[in-house]
Amino acid sequence: MSSLIVKSLGSIVSIIARIFFFRRSRPVSNPRTTAHISYFRMSRKRPLSLQTVELKVRMCCTGCVRIVRNAISKLRGVDSVEVDKELGRVRVVGYVDRNKVLKAVRRAGKRAEFSPYPEPPLYFTSTQNYFVDPSKEFKESYNYYRHGYNGTEQHGNIPVGSRGDDRVSNMFNDDNVNACRLM
């Protein structure tokens, strides 16, 4: 009997406390305004600065492009999404955290990593990059959980040397009229 009285008094006290202490004011003047909705959905944290996030995502068809674009555009704070299927690059601009963008793409079922090279090089700059098989680029040493890079030791821009207008590969080509002929 006493436990029933204690439970009923506790519920009455919680209802009274909820009514008087946790009541939020809503604008009553115009019922069509949405100011009260945005007030309750405001983020409590400080907003992030505008960032450009570049990802390297394995995409094979237009369906993959659509899946990646939809997964990223659902994030709060994304301004624009640029997807390049041929290069396998995704550029996201907005007030977002780069790790959240990476996790959103991975949740969509795509293998993704941060792109260490912001712009594609004009041509191959080393033999290591020239003889790379693109099918083995996403291999078993994929560092999925640690930091988002695919285990390469090169991060950042590669210095590109200039070779001039004529390429070395065309110097001994038979199709080139001005080529060097050695017999």
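In case you wondered, yes, glycine gets a Cβ from its N, Cα and C as well.
On a predicted model such as this, the values are computed, not experimentally measured, just so you know.
These features come from Swiss-Prot:
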- 50-113: domain 'HMA' (DOMAIN)
- Cys61, Cys64: metal cation binding site (BINDING)
- Cys180: S-farnesyl cysteine (LIPID)
- Cys180: cysteine methyl ester (MOD_RES)
Residue counts for the domain 'HMA' (50-113) under DSSP, helix then strand then coil, are 22 helix, 22 strand, 20 coil
Compile a sequence-ordered list of residues in the same chain as Cys64 (metal cation binding site), six or more apart from it, whose Cβ lies below 8 A from its Cβ; state 'none' when nothing qualifies. Val57, Arg58, Lys85, Lys110
In sequence order, which same-chain residues at least six apart have a C-beta under 8 angstroms from Cys61 (metal cation binding site)? none
